[in-house]
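Everything on this sheet refers to the single structure shown next.
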């Protein structure tokens, strides 16, 4: 079997409806849009959130909060994610990024104490929780703050 031999399962694909193709098609003339009105026109229709002139929900509800432009984006991961590495590995934020454990470093990486660590690793990160430090040292490794 080759790629050009592949065919869809019979009945799995329908032909697209061709609207406005004559009265006999059942979708001629107005093409399923009804008679006149805003929704019958090209480009017609109301924007998302429009409620027919009634005060829309997004304006009835109060504003809340603000965006803190000084907020630090700390990427947190649990110690059990570090079991992926071999014994004796020096785990850095760059290595975590390369292996796909984190998507970006942001303003720092913090190691949290979720799960169990079974490998003796030297972990270098910007911050550690107390339980994470204990688990890393208990497994025979070191926790170094960058």
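Cβ coordinates are placed from backbone N, Cα and C, and glycine is handled just like the others.
Residues or ranges marked as region 'Disordered' by Swiss-Prot: 1-56. Positions annotated as compositional bias 'Gly residues' by Swiss-Prot: 21-35, 42-52.
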Open item on the list: For the region 'Disordered' (1-56), how many residues does DSSP put in helix, in strand and in coil?
Closed with: 9 helix, 0 strand, 47 coil
Open item on the list: What residues elsewhere in the chain lie close to the compositional bias 'Gly residues' (42-52), defined as a C-beta under 8 angstroms and at least 6 residues from its ends?
Closed with: 58
